[in-house]
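Trainee: There's a structure below that I have some questions on.
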Amino acid sequence: MSKNNTMTSAVSDMLSQQQLNLQHLHNLQQHTRSMTSADHANVLQQQQQQQQQQQQQQQQQQQSASFQNGSLTSDINQQSYLNGQPVPSTSNSTFQNNRTLTMNSGGLQGIISNGSPNIDSNTNVTIAVPDPNNNNGKQLQGKNSLTNTSILSRARSSLQRQRLAQQQQQQQDPRSPLVILVPTAAQPTDILAARFSAWRNVIKSVIVYLTEIASIQDEIVRQQLRLSHAVQFPFFSIENQYQPSSQEDKSVQKFFLPLGNGSIQDLPTILNQYHESLASSASKASRELTNDVIPRLEDLRRDLIVKIKEIKSLQSDFKNSCSKELQQTKQAMKQFQESLKDARYSVPKQDPFLTKLALDRQIKKQLQEENFLHEAFDNLETSGAELEKIVVMEIQNSLTIYARLLGQEAQLVFDILISKLDSGFFNVDPQFEWDNFISRDPNFLLPNLPMRTFKEIVYKYQFDPLTYEIKSGFLERRSKFLKSYSKGYYVLTPNFLHEFKTADRKKDLVPVMSLALSECTVTEHSRKNSTSSPNSTGSDAKFVLHAKQNGIIRRGHNWVFKADSYESMMSWFDNLKILTSTSNIQDKYKFITQKLNLNSDGKPKLTNNHTSINKYQLSNANSTMVENDENDDINSNYVGSTVTPKLDNQTNTNTSMSSLPDTNDSELQDQVPNIYIQTPINDFKS
């Protein structure tokens with residue numbers, strides 16, 4: 001019962017596996033119909049690979065199963081192999097099974113055998129048709145028919161692949177005496193000679209390339225020397241090579257900083273050194289390639305000819321009788337197996353002991369011949385490896401030298417050109433040359449030299465009291481011959497009375513007339529009219545300045561001046577009287593210092609609030625103070641030289657004067673008049 005149960009379970013497993021395989025086959029067939037003919041080959045190959053995997057799995061399952069029922073007769077004429085020697089044998093195996101074997105899409109899954117699974121091409125397989133009365137058989141027959149030609153072809157190809165794989169595995173078994181792992185009919189010397197001939201061609205190509213490189217390096221030397229000669233700056237110095245000789249070049253050279261200061265004058269030296277260094281490096285590279293690298297490669301190429309001849313001379317070492325010895329070993333193996341079979345099943349014709357001794361002796365002889373051949377291969381391969389190692393190392397050494405030379409040339413660009421320019425001319429400010437040129441050349445101003453102002457100027461006797469103006473303003477002077485008056489701007493200084501056309505001391509610098517006070521006196525002035533208003537004009541605003549006789553030609557003359565007010569006239573009269581009557585210079589200094597409120601050094605004193613300055617301040621660079629004719633106030637505000645008052649042009653007034661009143665000396669006094677607004681003067685009636 002247990003045996004039947006085991007067999008039933010095995011059959012059920014096979015049936016389930018068969019159904020899965022049939023379903024998979026059906027899906028594959030549908031997929032194949034839907035694909036184009038171009039994709040059929042690829043899909044078929046993938047299906048075969050999947051079928052092989054499924055075939056191996058099912059073989060494992062079938063080999064573990066044992067069938068006792070059913071009728072499947074297979075006459076197998078199998079030629080078995082014992083230790084690699086084919087032994088003809090005939091065996092009839094009868095398998096009883098009530099189920100047919102399953103054929104999947106890849107072919108026959110496997111043949112169940114109780115013996116060796118190896119089946120050669122002489123194996124005849126007969127598959128019995130299932131019993132028609134068997135329902136299960138009918139069902140399986142409907143699902144998977146053996147009449148399908150594609151399935152049968154796949155089965156045959158699968159069996160052939162299995163057989164070839166097993167044979168290759170046996171042939172590569174190092175324990176089998178019927179296998180020779182060493183090639184017996186090979187020609188390794190010819191192959192190796194051809195390989196080193198190819199290496200000779202490679203070396204020749206490298207030699208041609210390096211020869212052209214050497215030629216190019218020679219051309220680089222010529223081109224770099226041309227570039228070195230093209231560096232021509234006639235007014236720049238080149239270190240250790242060139243100095244300007246002409247006076248013009250030397251003068252132009254002074255426009256730039258000297259050599260070594262990072263200026264543009266360093267450029268010729270850097271470029272010249274760069275091109276000369278490249279020319280020297282290219283010349284060195286050409287010499288090294290021509291005299292060292294290329295000759296070594298040529299010697300190696302000539303040596304390879306000798307080595308190739310030596311390799312070809314070793315061809316006799318590979319002549320062997322391994323195939324002959326292998327046949328004798330097979331014959332001895334066959335005799336040994338037959339003697340052993342006869343000793344087991346029938347009357348022995350030969351003693352297995354003796355046949356085994358003969359077999360072992362033949363195997364040793366075969367191995368000796370095989371080892372001789374093996375040593376020849378080892379010797380050839382070792383020598384070839386060493387020779388090729390030398391070839392490769394020489395080529396590597398040559399290309400390494402070439403790469404080093406190129407690297408040195410590339411490094412020169414950085415070391416001599418880029419680094420020097422980067423640390424020098426590239427790194428300076430664009431105005432570096434200009435600033436140094438301006439600072440060194442005496443024909444230009446320093447960039448940081450400020451402009452001077454007039455108030456910063458100091459010179460000797462700058463604040464001498466004799467340089468100040470005492471009073472200035474508009475007066476009217478009567479003509480010598482006519483009774484008319486002409487208006488002018490008068491400036492009273494310690495020594496002169498000057499008449500100007502205008503009050504602008506920037507444009508009008510030359511006086512129309514100048515009267516020396518040392519040659520003049522003030523004689524009289526008009527009396528103040530008590531009945532007139534404070535602002536009245538006329539006979540009460542006149543004074544006479546008498547010019548003394550100077551020699552025979554020049555006679556004395558009375559100059560009649562008219563002011564716009566009595567107070568202004570008295571101020572002019574008093575100042576003129578003191579200045580004309582004072583002959584001592586010290587007294588004159590004292591008067592000026594007190595009147596203009598000057599310090600001991602001659603500078604005007606500041607007021608208490610430090611906001612206003614005496615209007616009689618120094619007149620620097622021949623400029624004078626500007627003051628209205630009404631303004632005689634000592635403490636009035638100072639008017640700078642840059643301010644030009646807007647005054648009227650010369651005004652002529654027709655005024656007649658019959659007589660001048662006597663001068664009242666008691667009315668002369670130093671006073672500080674007020675500032676008045678100038679108004680038109682009415683006609684004076686005598």
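Cβ atoms here come from the backbone N, Cα and C positions, even for glycine.
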Trainee: So which of Ser150, Ser283, Ser581 shows up as phosphoserine in Swiss-Prot?
Mentor: Ser150
Trainee: Look through Ser71, Ser80, Ser153, Ser539 and state which residue has the annotation phosphoserine in Swiss-Prot.
Mentor: Ser153
Trainee: Among the residues Ser74, Ser145, Ser659, which does Swiss-Prot list with the feature phosphoserine?
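Mentor: The phosphoserine feature in Swiss-Prot corresponds to Ser145.
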Trainee: Around Ser153 (phosphoserine), how many other CB atoms lie within 10 A of its CB?
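Mentor: Its Cβ has 11 other Cβ atoms within 10 Å.
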